[in-house]
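Enquirer: Let me begin by handing over the structure; questions about it come next.
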Amino acid sequence: MAYRAEPPDGGWGWMVVLSAFFQSALVFGVLRSFGVFFVEFVAAFEEPAARVSWIASIGIAVQQFGSPVGSALSTKFGPRPVVMTGGILAALGMLLASFATSLTHLYLSIGLLSGSGWALTFTPTLACLSRYFSRRRSLATGLALTGVGLSSFAFAPLFQWLLNHYAWRGALLLVSALSLHLVACGALLRPLSLAEDPVVGGPGAQITSLLRHGPFLRYTVALTLINTGYFIPYVHLVAHLRELGWDPLPAAFLLSVAAISDLVGRVASGWLGDAVPGPVARLLMLWTTLTGVILALYPVAEAPTGLVALTVAYGFTSGALTPVAFSVLPELVGTGKIYCGLGLVQMVESIGGLLGAPLSGYLRDVTGNYTASFVVAGTFLLAGSGVLITLPHFFCFSAPTSRPQDHVTEALDTKVPLPEEGLGED
């Protein structure tokens, strides 16, 4: 355990960034690329596509709804044992899935067991990263989250190669071995004790405090609204392009273009979040507003040039809002409550992610095209931007942003005076 009065803004923190990079790749990179198994499962179990699609949906839901459990355990025992346990569960789920004889087995192994492992890894790691950085927090988060985009490029062809050579059972065994590297990533998470930790209390006290914290609740509502419309292009853009007469290959390639732009946006936004003075919430509001406007403009653009330009812009702005979204939370609640705070946010915002795609599909069925789907998705993001404006210090331009941990440290110094013989010591 390392003891610091405030985040060191470097040092071992860069190893935590490396750990978070590989963990984001091994969790969300695997989830994004798991579609290559879809056709194999449909053929192997002779089940409709709708039932097979529940495998990944259950895994994502368990990962997000289980985030508060991982956060509470990390507050109690530290992130290292929790994340290492999560890595074992994620690998074990994939291992058991290779012996599946029905979809129910895959629901339980990949959806429930691996999903539980992912819940114990991603959120505690990002929370640990936030405790190591203050001035460079946005940049560190942006670098860590680039693992999602890079792994999406690498894992999809890799998984297809494994399927071609080892069939789906052998491929799942090797994905299980790959997931076991989450244990090594967890071992890199050196716990950090900060000055404010004794003040914020245990997990129960922190959750109670957060549920009474107005800015935290408003921020959670904003992220839920943003999450509702955020993923619509990844779900329905290809179908929209097919309705406009695009061939399947160019339509799918346009998503790869968005992924490249997404990577650039994450790093650029992380750098800007640390370089631009003032609260990071203003930068988040900017990227969210631009993303909402771009989504609303999709039905207007019909020429290939306009659609490519919108997709490149969407990839950049949607990627840019991700690192700053994670950086706003420590400014609101302090680094001492970051584990429980991030877990609660992840759980609640998952509601938007789960409802957004079905709502978009419903609007397509009712109207006969995707015009309403993209307009409504953009409206959700613009509504989230409106809520962000209500956060504290949003319109403060003259004074530097006041961090909650500074007030907690001052309170600690006031309420718990040092022994007299130690007043002259470091």
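Yeah, the Cβs are placed from backbone N, Cα and C, and that goes for glycine too.
TrEMBL: automatically predicted annotations, no manual curation.
Found this in TrEMBL, in case it helps:
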type     : residues : note
DOMAIN   : 13-402   : domain 'Major facilitator superfamily (MFS) profile'
TRANSMEM : 12-31    : transmembrane segment
TRANSMEM : 82-100   : transmembrane segment
TRANSMEM : 106-127  : transmembrane segment
TRANSMEM : 139-160  : transmembrane segment
TRANSMEM : 166-189  : transmembrane segment
TRANSMEM : 216-237  : transmembrane segment
TRANSMEM : 249-268  : transmembrane segment
TRANSMEM : 280-301  : transmembrane segment
TRANSMEM : 307-326  : transmembrane segment
TRANSMEM : 338-359  : transmembrane segment
TRANSMEM : 371-395  : transmembrane segment
Enquirer: Counting Cβ pairs under 8 Å that are 6 or more apart in sequence, does the total for the transmembrane segment (106-127) and the transmembrane segment (166-189) reach three or more?
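Expert: Output yes: the transmembrane segment (106-127) sits against the transmembrane segment (166-189).
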Enquirer: The domain 'Major facilitator superfamily (MFS) profile' (13-402): mean pLDDT?
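Expert: 85, rounded to a whole number.
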Enquirer: Among the recorded stretches 216-237, 249-268, 371-395, which has the greatest number of Cβ pairs closer than 8 Å to the transmembrane segment (338-359)?
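Expert: Most contacts with the transmembrane segment (338-359): 216-237.
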Enquirer: Counting CB pairs under 8 Å, which listed stretch among 12-31, 139-160, 166-189, 216-237 touches the transmembrane segment (371-395) the most?
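Expert: Checked against 12-31, 139-160, 166-189, 216-237; highest Cβ contact count belongs to 216-237.
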Enquirer: Can you tell me which recorded stretch out of 12-31, 139-160, 249-268 has the most Cβ pairs within less than 8 Å of the transmembrane segment (166-189)?
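Expert: When the Cβ pairs under 8 Å are tallied, 12-31 comes out ahead.
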Enquirer: Go through 216-237, 249-268, 307-326 and flag the stretch with the largest number of C-beta pairs under 8 Å relative to the transmembrane segment (139-160).
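Expert: Between the candidates 216-237, 249-268, 307-326, the best contact partner of the transmembrane segment (139-160) is 249-268.
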